[in-house]
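TrEMBL has this to say about the protein:
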REGION    1-48  region 'Disordered'
COMPBIAS  1-13  compositional bias 'Polar residues'
REGION    109-140  region 'Disordered'
COMPBIAS  111-122  compositional bias 'Low complexity'
COMPBIAS  123-140  compositional bias 'Acidic residues'
DOMAIN    145-241  domain 'Serine aminopeptidase S33'
REGION    247-275  region 'Disordered'
Amino acid sequence: MTIQTNAGLSRLSNENHEQHETTREEEEHNILMQEEENTTTTNTKEEHWAPLHEDISELRIAEGVALEAKVYGDEDAPVQVVWGHGLGSSMTNEDKESLWNFWDVSERGDASSAGNGTATTTCDEDGSDGSASEEEEEVGLENLENLKDEKVRIVRYNARGHGYSSPAETSSQAKWENMAADMLKVANLKQQTRISKKTGKEKKQKLILGGASMGAAVVLHAAVQRGDVFPDGMVLVIPPTIYEQRKKREKNLKKKAREGPPPPPRLRKPRPIFDGEPEEVYVPRATVEFGMRDESYVAVSVGAAQSNLPPPEEISNVVAKVPCLLLAWDCGDKTHPVKSAEELKKLIPHCEMHVAKTLEDTEQWPRMIRDFIRSISRSSEGNVVRREGATVTTMFHDKDYETEVTTTDWDTTDHDRY
């Protein structure tokens with residue numbers, strides 16, 4: 001597996017491609033009944049996507065399969081976080097919504113690292129282009145230093161069939177368990193070997209797998225696959241419908257597959273958490289484009305319809321000792337109901353769970369995720385302060401704030417790989 005630069009990705013997206021001209025009914029039938037025989041290859045429709053930024057690169061996880069990715073932090077950090085997005089979303093959409101953007105070190109992003117404990121997004125009332133002032137630039141540089149001080153490496157990527165990543169050619173490739181295999185390949189590709197300060201022996205970076213919606217489901221599948229790569233921590237954000245409640249979602253997804261990709265302007269329905277917010281917040285953050293590629297729409301939709309979580313007992317057994325942060329909301333979101341989080345809490349009783357009821361509540365999420373990452377990072381360096389009964393109490397120090405956080409009783413030692 002190799003890593004290509006953005007130039008390689010641009011060449012990929014500029015290639016011409018051929019598509020089968022079939023009706024929507026024929027396309028769905030091919031995906032549902034003969035997806036494993038469908039080996040058609042297609043390339044990115046460049047006109048549908050915004051230009052790539054220079055800090056986005058391409059990760060080749062298999063022959064002919066490349067995922068668009070963005071990497072933050074030092075490669076020799078003690079902890080690596082691999083993050084997956086939701087169905088039809090993308091890295092760009094998550095940046096715009098700014099709901100769990102713990103990776104954002106801009107002056108408009110994770111303000112918790114500047115000391116006020118919230119993440120904010122602003123828009124300019126005078127219609128300017130939003131260029132940062134000298135004072136804002138100083139805050140941004142300070143946050144960059146804080147990210148470096150956190151000793152964490154973050155790898156985000158667009159799943160198959162999303163953004164500039166390779167298309168999902170069959171619905172099987174878009175099933176959660178196979179998306180999980182892709183996530184593990186990304187983790188394995190970027191995970192570094194370090195020298196232990198205690199023993200002087202080589203050991204791999206601590207690994208945290210995290211994701212929102214579909215990304216959260218993919219994390220759980222990755223954990224139970226018992227491969228060479230196993231998470232030392234999990235972050236599950238707004239888990240989707242699961243188990244019995246998944247049946248209605250399955251019907252809706254198959255209906256969407258029959259209808260085909262949405263027509264321009266290809267905007268996603270805003271998340272219910274934004275309902276009731278003022279226009280200056282709602283418009284810039286809630287209005288996002290559809291992140292799925294047209295040629296992968298049917299395959300990804302059907303793959304999601306055919307997906308569900310691993311058996312409950314398997315989740316309970318495999319992740320019994322894995323630290324877990326679970327963030328959910330209770331705002332009338334039928335696609336990400338709080339009931340899903342409650343079911344997962346029963347399966348993973350040691351997980352730390354927080355439920356947001358308003359957009360303001362979610363402003364604490366980036367800080368919560370960073371605190372969770374710190375707990376794994378500090379344990380990697382042997383800095384757990386003290387243990388009290390059924391809790392682990394860890395002291396976190398930032399440049400501008402000092403806080404004591406009490407969490408559930410996580411096993412932060414190097415447990416055996418499953």
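Cβ atoms here come from the backbone N, Cα and C positions, even for glycine.
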* Asked: Taking the domain 'Serine aminopeptidase S33' (145-241) alone, what is its mean pLDDT?
  -> 89
* To do: Go through the chain and flag residues at least 6 beyond the ends of the region 'Disordered' (247-275) whose CB is under 8 A from any CB in it; none is fine as an answer.
  => 24-25, 27-28, 31, 48, 88-89, 93, 97, 99, 240-241, 281-282, 285-292, 294, 297-298, 301-302, 304-306, 329, 331-333, 335, 356, 358-359, 362
* **Helix, strand and coil residues within the region 'Disordered' (247-275) as assigned by DSSP** => 16 helix, 1 strand, 12 coil
